[in-house]
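S.K.: Take a look at what Swiss-Prot says about it:
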type	residues	note
BINDING	A8, Y9, S10, G11, G12, L13, D14, T15, S16, G116	ATP binding site
BINDING	Y86, S91, N122, R126, S175, S184, E260, Y272	L-citrulline binding site
BINDING	T118, N122, D123	L-aspartate binding site
Amino acid sequence: MKEKVVLAYSGGLDTSIIIPWLKENYDLDVIAVCVNVGQGDDMDYVKTKAIKSGASKIYVEDVKEEFVVDYLYKAIKSEALYEQDYMLGTSFARPLMAKKLVEIAHKEQAKYICHGCTGKGNDQVRFEVGVKAQDPTIKIIAPWRIWDIKSREDAIDYAKKVGVEVPVTKKKIYSVDRNLWHVSHEGGDLEDLKNEHKEDMYFMVTPPEKAKDEPTYLEIYFEKGVPVKINGEFLNPVDIIDKLNTIGGENGIGIADIIENRLVGMKSRGIYETPAGTLLYAAHKKLESVTLDKYTYQYKKLVSAQYGELVYNGLWFTALREAIDAFVDKTQENVTGTVKLKLYKGNIKPCSVDTEYALYDEGISSFGESELYSHKDAEGFINLFGLPCKIKALKNF
């Protein structure tokens, strides 16, 4: 009986040609696993294609709700970003995929897990660290670090040679990653920074200048930092993301053209569509500004950046990630209320906040006197606060 390898399978270019390559070079029984995180593919087609390409079996794991509840909710509550721009759509999906790969490897008693990540990318780290953190005895096969194929053009040629159909041509060469949270586009003419990215690549977002001419008003209700209602309607977690993707997309919301510093050392360029995430972060930030005290609000921004880098670097299965989540959950205890946004041609304008947990007090914040604050109090505060500056000036050195 042949030994088994579990392949992270998408039906795209890389994983499509890996099946015959594994059989040719390793003589392994290939078990394909497609983890459905909302990439929008025809799963019946993916199943058929995997078997036609030579897999002995394929699992399709629908984990969209788990993706939202156990991963994207953490993104929203923490407002995690990498380098202030990237909303981590790929990064949050990879640990869940790694988890499912290990589960099926155990079920099938497979000794190997294989992925189609390139040797220059971050995903190879995310997958492999995720696997090692769960089962360090499983061996990894990473074809892009081994085989003679050096480019996507070479991969297309190999696919033709072995008779594998692929949804990419040399004329349309972008590498695309899609899930409920985002769509990313990399490669091709994007690698030349002098090239403006082409708007016809978008999957979810209407170009802002072509978006509708009337503004859209949107209300999002959060409960302990998690979105539960859209425009007054309770929706399940997956439907909330889908609905906000539609609303944001038709208003030109959520396009980012980013140069990022990869974990493996080089810079890369990606075009990202994240309409739901962009809306949720904007609304959540506004609600936090009203419900969190000054010191928690400011410190959480530092933690959010650390969390974003940790997730980007593939360190999901760590004590630090769990500890940060515990801190974030504590901060979200009173992040409950409704935020109203105005959307227009790529722009988001927060209009109002309605929450019973507001730390903003109109009576104190107005220009008049109040029981808690007297204008006269300011003089003593300023004298103490500015004392170091005054001493420095008096010393005159």
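Just so it is clear, glycine is given a Cβ too, placed from its N, Cα and C backbone atoms.
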S.K.: Can you check what DSSP calls E260 (L-citrulline binding site), collapsed to helix, strand or coil?
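M.R.: For E260 (L-citrulline binding site) - judged by DSSP and reduced to three states - the answer is strand.
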S.K.: Starting from each candidate's C-beta and looking 10 angstroms out, tell me which of the binding-site residues S16, N122 has the most other C-beta atoms.
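M.R.: Buried the deepest by this measure is S16.
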S.K.: Among S10, S91, T118, S175, S184, all listed as binding-site residues, which has the most CB atoms within 10 Å of its CB?
M.R.: S91
S.K.: State the count of C-beta atoms found within 10 angstroms of the C-beta of D123 (L-aspartate binding site), not counting that atom itself.
M.R.: 20
S.K.: Spatially speaking, which of the binding-site residues D123, R126, S175 is closest to G12 (ATP binding site)? Use C-alpha to C-alpha, please.
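M.R.: The smallest Cα gap between G12 (ATP binding site) and any of the binding-site residues is with S175.
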S.K.: Can you tell me how far the Cα of Y86 (L-citrulline binding site) sits from the Cα of D14 (ATP binding site), in Å?
M.R.: 24
S.K.: Once near-sequence residues are set aside, which residues in the chain of A8 (ATP binding site), 6 or more away, have Cβ atoms under 8 Å from its Cβ?
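M.R.: The answer is T15, V33, V35, M97, L101, I113, C114, H115, G116, F127.
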S.K.: Run through D123, R126, S184, E260 for me and report the binding-site residues whose CA is within 10 Å of the CA of D14 (ATP binding site), in sequence order.
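M.R.: Within 10 Å of D14 (ATP binding site): none of them.
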S.K.: Compare the C-alpha of S91 (L-citrulline binding site) with the C-alpha of each of the binding-site residues S10, S16, T118, D123, and give the closest one.
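M.R.: If we rank S10, S16, T118, D123 by Cα distance to S91 (L-citrulline binding site), first place goes to D123.
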S.K.: Using DSSP and three states only, what is N122 (L-citrulline binding site)?
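M.R.: N122 (L-citrulline binding site) sits in coil per DSSP, no helix or strand.
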S.K.: Fewest other CB within 10 angstroms, which one of the binding-site residues D14, E260?
M.R.: E260
S.K.: Do you know offhand how many angstrom separate S184 (L-citrulline binding site) and S10 (ATP binding site) by C-alpha?
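M.R.: Between the alpha carbons of S184 (L-citrulline binding site) and S10 (ATP binding site) there are 15 Å.
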S.K.: R126 (L-citrulline binding site) has how many other Cβ neighbours within 10 Å of its own Cβ?
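M.R.: Its Cβ has 27 other Cβ atoms within 10 Å.
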